[in-house]
Amino acid sequence: MKVTRELFDEVMAPNYNPAKMIPVRGVGSRVWDQNGEEYIDLAGGIAVNALGHCHPALVTALKEQSEKLWHLSNVFTNEPALRLAKKLTDLTFADRVYFCNSGAEANEAALKLARRWALDHYGEDKNQIIAFKQGFHGRTFFTVTVGGQPAYSDGFGPKPGAIDHVAYNDLDALKAIMSDKTCAVMMEPLQGEGGIISPTDEFIKGVRELCDKHNALLIFDEVQAGVGRTGHLYAYMGLGVAPDILTTAKALGGGFPVGAMLATADVAASLKVGTHGSTYGGNPLACAVAEAAIDTINTPEVLEGVKQREALFRKGLQAINEKYDVFSEVRGKGLLLGAALNEKYQGRSRDFLVAAADHKLMCLVAGVNVVRFAPSLIISEEDIAEGLARFEKAVAQVVNG
Ligand SMILES: Cc1ncc(COP(=O)(O)O)c(C=O)c1O
């Protein structure tokens, strides 16, 4: 059977509109399509392929586990899941882990846990969840409603209730809406989909203080920013503020689907037997790969390397901007970077993406005004240089019409 892009429109639900070319193979930060054309990948599967494509450590872990045990369900536990949970608890603020298969599922678990914890300890009136405008937490109905982009949650009937949104980095707005009825504040410690927005120091510390004051849980959604992306194993480690619950997915499996919710023992205690679950959550294949991913990423070499690579990207993007004057700023942290378009190019981020594809480069957008880069954390200097050279051609193409 000949597999073509046209087939997508014939057999797939129309909720995506993928690129015209179909990738068939990847190594490191290079990808090849059906015609053998080579692409530089600065998108990283939207911050998933943290070790590039087909990293040997992940391939080995997957192959070895695939010959031992694939799946049992949570009627049994398994060695890779327990080893991974031990690692995650040793390395973070958390004492307990719940495994699932995606970012949305990790956030769904976090929100349900927060509500149940509040009910257990304070009664049913403490149910308000506060989140931030432009935030993104996944596409289940609960998580998408907590996300701060109504365009994604509208049009599906009545929404889950007691969810409020305030502007990110606006501590006064949060203060005004928070009370002892607040059960949790959910936030990305670096907003991704919303346009690559960092929290101010004052804001992130203030959110923690307000949560403490009102006995509310602080949930960090590190689905996009976690697992080395900011140059710290988790972004909170670079912010000096720890959450009560943290969600992680995407890069955790380096491309193999896995998610996790991490919590303190006191909070996790409310997730009693039977309160929540997932057939595949914590399956041995996913956990074996994630263990290899964490072992490989959580080294001084990789984490320091992220900061060095960030500097190369910033320098390269600045040089492009000096020539073409398209960005107002380059923002973000580590290898989650956003080139924000200046006044002249407002609303046109997709044009840059399309031009990049013409020059065999994969990058991302974060809203209509930001071009986003989320490459492999171990991308080579050579691939960065080549990727930026291709990006410069794409910028020239947009600028020159
Ligand atoms: C911060 C954040 N949370 C949650 C999600 C949802 O993750 P998933 O698509 O794996 O459900 C995403 C996906 O982009 C994300 O960026």
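Cβ coordinates are placed from backbone N, Cα and C, and glycine is handled just like the others.
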Residue in PHE136, PHE313, PHE327 which TrEMBL records at the pyridoxal 5'-phosphate site where GLY103, ALA104, ASP221, GLU222, VAL223, GLN224, THR279 also bind: PHE136
Entries of GLY103, ALA104, ASP221, GLU222, VAL223, THR279 (binding-site residues) sitting next to ligand 1, with Cβ under 6 Å as the cut-off: GLY103, ALA104, ASP221, VAL223
Among GLY103, ALA104, PHE136, ASP221, GLU222, VAL223, GLN224, THR279, the record's pyridoxal 5'-phosphate binders - longest CA distance, Å: 25
Least surrounded among the binding-site residues, given as ASP221, GLU222, when other CB atoms within 10 Å are counted: GLU222
Fewest-neighbour residue among recorded positions, criterion Cβ within 10 Å, set ARG139, LYS250: ARG139
